[in-house]
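Feature annotations, reproduced from TrEMBL:
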- 13-190: domain 'FAD-binding PCMH-type' (DOMAIN)
- Arg163: active site (ACT_SITE)
- Ser245: active site, proton donor (ACT_SITE)
- Glu346: active site (ACT_SITE)
Amino acid sequence: MSETLLSSLTTSAVGGPAARFEEARTEAEIVDAVRTADDAGEPLLIVSGGSNLLVADEGYPGTVLKVASEGLEVDSADACGGVSVGVQAGHPWDDFVDHAVHHAWSGVEALSGIPGSTGATPVQNVGAYGSDVSQTIWQVRTWDREAGAVKTFVPSELKFGYRDSLLKQTTREGSPRYVVLRVDFQLALGRMSSPVRYAELARALGVEPGQRASALDVRREVLRLRGSKGMVLDADDRDTYSTGSFFTNPILSLEAARSLPSEAPRYPAGEGLVKTSAAWLIEQAGFHKGYGLEDDSVTGGRASLSTKHTLAITNRGGASAKDLLALAREVRDGVRARFGIELTNEPLLIGLAL
């Protein structure tokens, strides 16, 4: 058993020890570590930023591989085609966004402040404020563990959906078939943003939905909005000791959506489908910001909903993975009892089940 605790590798600061721990800083080291674990028949868990991961207090009974490869390179840039840039899997996502905005590459500015690594973004099809990372991905270079070879995917092969992709669908208990090595993006050249689609962000920028704004202004406002919700990592703010949004926004059939109260948020989600707000459902089911802080709560105050945003389940200090999951179950069950809707967890649960 290694001395490395998963609590030191995840933003929720919970999780027990790794049986074996490796860190890889290059593509070759990533492939070598994966092949070594596979040849030994060991379970394999890939970690980078650790922001979308909740691991059991008992730890992980195999190899935990921290992907720490960093760097980016411009493959091509011209006024018509924009810029093609390749980013290593372990490169911090927000560092890439900051670099893009300050080099007048637009398309990812609304995804500012999202914690974690670049390699994790296509797996979850990370999104926020009306943008999804799939809108700018050109290709994803991976290591196919079953074939024992490099496999490069184009977007049409990745089956992107709402917080979903082929990469996620082929992951079992946190262990992926395809290990992301590098993500290539196609971005526009210019200092103006992509069209601002999210109403709250448009209001903050003083533009109409669908209009453009300065990409620098979009980044600044997104960071401000995320910060106000405890969604930008801050070691001094316990509201940020979480996996971010714990539940995805439910996507319902038109028939199921008709059973919602008239005031419930509704957004188009494809033919015959409606997306509603998980945060709204949680609040209407009686779970307020800061729920769980009370000493007589299910976790004794060690875990609570964020005091800034009801979608985040936070470690207030000394919480275990069991505590966070107990609160998540209480919220899920309360929403189900009130609305008949089953909330789904967004982070990967390793050695745990909601």
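Cβ atoms are placed via backbone N, Cα and C, with glycine included.
Taking the features listed in TrEMBL, we show where each one sits on the structure.
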residue : record                    : DSSP (3 states)
Arg163  : active site               : coil
Ser245  : active site, proton donor : strand
Glu346  : active site               : coil
Inter-residue Cα distance where the pair is Glu346 (active site) and Arg163 (active site), in Å: 8
Glu346 (active site) and Ser245 (active site, proton donor), Cα-Cα, nearest whole angstrom: 7
